[in-house]
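Quick notes on the structure that follows.
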Amino acid sequence: MHSTMMLLGVWFGLLTLTYTLPVKNSTGVHEGKVRSKRRYSDEIDPDEMNIMDQILEVNNRLRAPRGLAIRDGDIASSYLQSAITCAGNTCLWPKSVDGFVYVPYLLSPLYDDMDRITIETGMQDISAGTCIKFVPRTHEANFLDIQPRYGCWSFLGQTGGSQTLSLQSPGCMWSGVASHELMHALGFVHEQSRSDRDHYVTIVWNNIVPAYIHNFKKQVTNNLNSPYDYSSVMHYGRYAFSDGSGPTIIPKPDPYIPIGQRDGPSALDLHKINVLYDCGPTE
Ligand SMILES: [Zn+2]
C-alpha cells in the first residue's frame, strides 16, 4: 500500500513535470515563431537580421508624424522642406576651422542611462573613424533633437534649426541603428539607392509588396568614388519589403554575398563620411 502510494506520487510528479516543462518550452518556441511571423517577411532568420531589418521591424506600422512623410522606410521629409534636395553635397554640417565637423545634439530626458549609452556608442562608432564630432548642444541654432518618438527615422542631411531624429526605446536601441540614423542626418541615403546599384544588385520587383515599390527607387547620388558596399550599415536586408515570396535584393554576380550587417558603420561607411566631409587623412 505504502509503495503503491509512493509509486503513484512519483508517477504524478513525473506527469506534472512532463506537462509543465514542455508546455513552457513550446510556448517559448511558439512565441518566437509568432514574433518572427510578425516581421515584414518570415523568411528572415532572426540571427541574420541586420540593422535595416531591425529598423523596418520597428517601423512596420509607423504612421508618418504630423506634417512629415517617411520614405524608404526611415527617411523623414517635411512638406515644406524636401529632404531630397539634400541628396547631393548640400545640407552638409559645416566644418570648423580646426578641421572637425561638430554636430550638436540634444538627448531627450525620457531616455534612461542604457539608452544614452547605446546612442552615444552609435555616435562614437562614427566619430572614432571620421572628423565628425557629436557634441551636446549648448546654444547652436542647428542641432539634432534626438527623441524616443514612434519608430527609428531621421531627416536627410542638415535641415537647419532643430531637427528631430527619432530612436524609439527599446526598438531602436541598437548602437548600429543609432549610427544608421545619424548617417542619414549626415546626408547619406541607403546603399542600394545609389545611382550605380544596378551593377551590384538585382532588385526583384515581383517579390516586393506593391505599396513599397517606391522604397527601391534609385537616387541621384554622389558615390564619392567609393566601391559599392554590401556590408554598409545603410544597406537594406535581402528580404526588405518582401511579400513573402522570396528575396527582394540579390547581390551580383555572387548571390550569396552577405548584405547589410548589424554591428555598426563599416570601414567603407567611415571612408565615405571622410570623403563627403573632406576630413583629410585620418588614423
Ligand atoms: Zn535608413
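Placement of Cβ uses the backbone N, Cα and C atoms for every residue, glycine included.
Bear in mind that TrEMBL entries carry predicted annotations, made automatically and left uncurated.
The feature signal peptide is assigned by TrEMBL to 1-20. Annotated domain 'Peptidase M12A' per TrEMBL: 82-280, in sequence order. Sequence annotations record features per position, and here TrEMBL assigns Zn(2+) binding site to HIS180, HIS184, HIS190. TrEMBL lists GLU181 with the feature active site.
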As a test of the contact definition, list every same-chain residue at least 6 positions from GLU181 (active site) whose Cβ is closer than 8 Å to its Cβ.
ILE55, ASP74, CYS152, TRP153, SER154, LEU165, SER166, LEU167, CYS172
Other than HIS180, HIS184, HIS190 themselves, what residues in this chain have Cβ atoms within 8 Å of the centroid of the Zn(2+) site's Cβ atoms?
MET52, ILE55, ASP72, ASP74, ILE75, SER154, GLU181, MET183, PHE188, VAL189, VAL233, MET234
Taking the Cβ of each of the binding-site residues and counting other Cβ atoms inside 10 Å, which one has the highest number: HIS180, HIS184, HIS190?
HIS180
